[in-house]
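Features as listed in Swiss-Prot:
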type	residues	note
ACT_SITE	ASP314	active site, proton acceptor
BINDING	LYS21, SER22, ARG26, SER172, SER173, GLN174, SER200, ASP314, LYS341	3-phosphoshikimate binding site
BINDING	LYS21, GLY101, ARG129, GLN174, ARG345, ARG388, LYS414	phosphoenolpyruvate binding site
Amino acid sequence: MGSLKIYPSKLSGDVKIPPSKSMAHRAVICSSLSNGKSRISNIDFSDDIIATIRAMTSLGAIIEKKEDILEISGIFSKEGILNRENQLNQPKLTIDCNESGSTLRFLVPISLAFDGVKRFIGRGNLGKRPLDTYYEIFDRQNIKYSYKENQLDLIISGKLKPDEFRVKGNISSQFITGLLFILPTLESDSKIIITTELESKGYLDLTLSTIKDFGVEIINNNYKEFIIKGNQTYKARDYKVEGDYSQGAFYLSADAIGEDISILDLKEDSLQGDSEVVEILSRMGMEILREGNKIKGITNGLNGTLIDASQCPDIIPVLSVVASLSIGKTTIINAGRLRIKECDRLHAINVELSKLGANIEEKEDSLIIEGVSKLNGGVEVWSHKDHRIAMTLAIASCRCDKPIILKDFECVSKSYPHFFKDFKMLGGRIDEWNMGK
């Protein structure tokens, strides 16, 4: 894997943010479960989205790519039914999730709506991410399964039946989303009961909104239980994916530490959970300027605060950079789930930002960060092969006093393939010979 030499830089200008990965996953799945042909626009073909496209194709959806547009004939359309019969006629259908936790956790229950044996494979840390919620359902419904420890090689056979599903809300909302996608298509009614406090509520809001946009109704009883009528049909439609707040957070955080970037295509009333970055940075003292879907931040210094990571775990790495350069103490709580992402993000944040002179104390499910006046450079840092850690360190380099060497930068392709192109466009200085050019 390659390395980049990134120099301290002043970033300025306008940047169009990539489309929301969370919304794109959901739109591809809902349109693939439909009874007709949908058109999904403003798609960014990151590794994770490609994994979901290929997974839905393997189940019978017919998906054609035209620039940033997907035309999708759903599994329950006339064309899709014929294609599905051919696909599922294989002795064992393999679904490659690459490194996408969303693809894996969304597709497992969806695949069980259809006959046949399915094998889920993947790479990286995906095999270490827990699936116990589904294993409990498999045991209760006599669905056969086998798996290997610490790698993704899951084989399942059987069909998911309508039921009352009791699911913990503090593990990952992806399990709930996976069930919400497929239960409306089963032959009778189901119920999901949430047995603990719910984390990542914003992601469920996105799921419920997208499902409704495609013509399926689910009753939400205050996030305590979800009532799902069976025999519903997803309706094909045209759908545009909005800009991604989890990626916009990198540039808003750059503004917070003194850069001058205007971010385009971030909807003000978005349901995305990571839009909480605006409220957090405002609370720390940043002034937010909006003009339609254009946003930028202005600051003359920020103060530490308390950040609850339970509803917005993906933006914690870059907010840790802001906290490191703020006045006073920032405490990040309820962050234990960051340990089971593409890497142990809590540990990676601590190790890599500490190399740059940040003052961080790592606890089991929290970080305590005392602000410093500047960051040091002149060291080698590692992405831990995690896209969000790589982009976080690139933003941190702007406030370093010397260049940094970033190892394994290519992992940004997982969510934001052209991140370093945009970074350079805004004025970031990078030694390009390490980029293979």
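Keep in mind that glycine also has a Cβ here, set from the backbone N, Cα and C atoms.
On the structure: features taken from Swiss-Prot.
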| residue | record | contacts (Cβ under 8 Å, 6+ apart) |
| --- | --- | --- |
| LYS21 | 3-phosphoshikimate binding site | ASP44, SER46, ASP48, ILE49, SER102, ASP244, SER246, SER415 |
| ARG26 | 3-phosphoshikimate binding site | THR177, LEU206, THR207, THR210, ILE211 |
| GLY101 | phosphoenolpyruvate binding site | LEU126, ARG129, SER172, GLN174, LYS341 |
| SER173 | 3-phosphoshikimate binding site | LEU198, GLU199, SER200, LYS201, TYR203, LEU204, THR207 |
| ARG345 | phosphoenolpyruvate binding site | PRO313, ILE316, PRO317, LEU338, ARG339, ASP386, ARG388, ILE389 |
Query raised in the report: Of all the binding-site residues given, ARG129, LYS341, ARG388, LYS414, which residue's CB has the most CB neighbours within 10 A?
Result: ARG388
Report summary line: Counting across all protein chains, other CB atoms within 10 angstroms of the CB of ASP314 (active site, proton acceptor) number 24
Report task. Let me know how many other Cβ atoms fall within 10 Å of the Cβ of GLN174 (phosphoenolpyruvate binding site). Result -> 22
Report task. For LYS414 (phosphoenolpyruvate binding site) and ASP314 (active site, proton acceptor), determine the Cα separation and express it in whole Å. Result -> 13
Query raised in the report: Can you check what DSSP calls LYS341 (3-phosphoshikimate binding site), collapsed to helix, strand or coil?
Result: coil
Requested in this report: Tally every other Cβ atom lying within 10 Å of the Cβ atom of SER200 (3-phosphoshikimate binding site).
Outcome: 23
